[in-house]
Amino acid sequence: MKDVNILVEALPYIKKFHEKKILIKYGGHAMIDEDAMSSTVRDTVLLKYVGMEPLIVHGGGPEISRSMDKLGKEPKFIKGLRVTDEETMEIIEMVLVGKISTDIVSQISYHDGKGISLSGKDSRLIFAHKKPVSKVTSESGGEEEIDLGLVGEIDCINTDLLEMFLKNNYIPVISPVGIADDGSSLNLNADTAAGEIASSVDAEKLIILTDVPGVLRDPNDPDSLIQRIKIDEVPDLIEEGVISGGMIPKIETCVKAIEDGVKSCHIIDGRKKHSLLLEIFTKNGIGTMIYK
């Protein structure tokens, strides 16, 4: 009887999100657990079979750093952003496009779905420009220039390409690599790419799978989860330090996506099995929802 009740509870959400686009951002830190990854991919295929249109944008930071270590290349970061020279860019593409994306597509096929691996360079899916050199105040009080190298800022998304694959029942799996005007590759922030794609395709939801339960009022207390945040509450939560560190850019991505038309954004723990289904098909969901 319990299983029947679960199915009955899911029905309104299956109807509500039928033929709606769901953008799933799968973070690199959430991919470390292979069982959870397999579960997430299987659940994504299920979304497709019940009539939704899921798209995946994946990260891969930990895997990129491990590959760089193996190749004797020291990862460098400035304010949390990876400094990207030409050699680093080659490694990033090798890991994101050549390994992670194809692994996800293989998992989709294993679960009887149709996946397609896409880089932002394919048919200029993600057109971008190099992030300008910026000036910041140094520790000594003077100005210093920061050049992140081949790091990009997104200009536009080729939605026609994505719509073509969605109409043919594919699940697009997108690596956050952009293409510049001269054809060169640019390293993109995966959260930002996910937000831009979500708003460009008029996604109903943007779901960010990461390695924390959501936004916690006390980072040491998992029971302090904030379940719902309105976008106009975000500045105060940042000022109070409730939203801090790596959570800030994720929340900022969510705020921009909602301002650009996405109905709601969700930050959930991708390490938890079936977290995707729990978020979409249950009344209370899990994690933190950001909305207007």
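Including glycine, each Cβ sits where the backbone N, Cα and C put it.
Computed from a predicted structure; not experimentally measured.
If you look up Swiss-Prot, you'll see K25 (among others) marked as site 'Transition state stabilizer', on the strength of sequence analysis. According to DSSP, K25 (site 'Transition state stabilizer') sits within a strand segment.
Taken from Swiss-Prot, the feature substrate binding site applies to G60, G61, R82, N187. Over all protein chains present, the Cβ of R82 (substrate binding site) has 21 other Cβ atoms lying within 10 Å.
The Cβ of K250 (site 'Transition state stabilizer') lies under 8 Å from the Cβ of D191, I208, T210, I267, each on the same chain and at least six residues away in sequence. The site 'Transition state stabilizer' feature in Swiss-Prot is assigned to K250 (among others).
Here K25 (site 'Transition state stabilizer') is positioned 19 angstrom away from R82 (substrate binding site), judged by their C-alpha atoms. For K25 (site 'Transition state stabilizer'), the spatially nearest entry among the binding-site residues G60, G61, N187 is G60, judged by CA separation. Max Cα-Cα distance over the annotated substrate binders (G60, G61, R82, N187) is 12 Å.
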